[in-house]
Amino acid sequence: MSQSRYFFTSESVSEGHPDKVSDQISDAVLDEFLRQDPNSRVACETFVTTGQVIVGGEVTTKGIVDIQKIARRVVTEIGYTKGEYMFEANSCGVLSALHSQSPDINRGVDRKEEIADEFDRVGAGDQGMMFGYACTETPELMPAAIQFAQQLVKKLAEIRKEGKIMTYLRPDAKSQVTLEYIDDKVARVDAVVVSTQHDPEPAGMSEADFQAVIRKDIIENVVKVVIPAELLDENTKFHINPTGRFEIGGPHGDTGLTGRKIIVDTYGGAAPHGGGAFSGKDPSKVDRSAAYASRHVAKNIVAADLADKCTVQVSYAIGVARPVSIYIDTHGTAKHGLDDAEIQAKAEKIFDLRPAAIIRRFNLDRPHGWCYQDTAAYGHFGRDIFPWEKTDKVEELKKAFNLA
């Protein structure tokens, strides 16, 4: 029998990528509003470019937040602390253009005290559909390509901030991983792309020689540390700074905006995306909270060994608490003689997907042990610090199918 063979690619970007700088500022602003007032309604967008940060959006809150202070703190934490970067924490301009949220939206979302069930009192913040996904490719139950891509740029940032080796690194970086699959199983890594911003070449060293040093350092200290050795072979291709010199980067090299890295934030293209970005949005916005809940559903279904893959779609109408629809697809991998309809029926009873129930379950209005800024670089999923990654419904799912 012939084997099914194909290639699949995912990419990631570092915390210093301009779009991620914007995401982190937006989420840091959200964190502070929620810290002061857990009932805050926030939709915060950030624009970054050469020497400039603009923060805008809609807010309803009792809190008072120093936007300039937060933006400068985030930029400092990322590492833009030198004037030569043309975007520097202490000297960049910071403009706040936040204003009040529309009362028309408030009317549909805020609590309706006359309704008996408290979880029915809070409507969805908007219409739309959200997706969650899980699979058995990695211990985190995430697609392997995006996990490797995230870990590559995260490792680069760790090395840069430690400052012991590769001291030429600057904050902006991108990664991309191509996997070869045989019969739907990861067989090997076919290609790795890493582009990292760096200092000018040292005096007396040519560009070609400096790029050769960078290539060797990244392969040895980043790629081979992150990617399991058994997946690398003599045919794996390494594209390290493939265009050569990469000195100009960050917001000086490219303008950044909140919400432009939604595939990096999720599953690297291995699963559908409803189109709504996450960062800067409070948890009443189902673009964010329902995507987290959908991941929780999918991950628990896979962790319970009901299927090897699971996609969950949930949809909402603005102002309505209960989902308009829920859809579960195990891509033909359901086990124990189960079908998708059976799994969906049980899941709908076990997982409450009303926005207020989601917020309560994960304490999304009062994060503890994590913050929204943490989500804004290196992925919202596949990281155990986040409550929606818990496999706390496995036993209940198994019991529902008499598998416990």
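In case you wondered, yes, glycine gets a Cβ from its N, Cα and C as well.
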Query = Out of 101-111, 233-243, which range is noted as region 'Flexible loop' by Swiss-Prot?
reply = 101-111
Query = Over the region 'Flexible loop' (101-111), what does the predicted model average in pLDDT?
reply = 65
Inquiry  = Nearest by CA distance to E45 (K(+) binding site): which of the binding-site residues is it, out of H17, D19, A173, K281?
reply    = K281
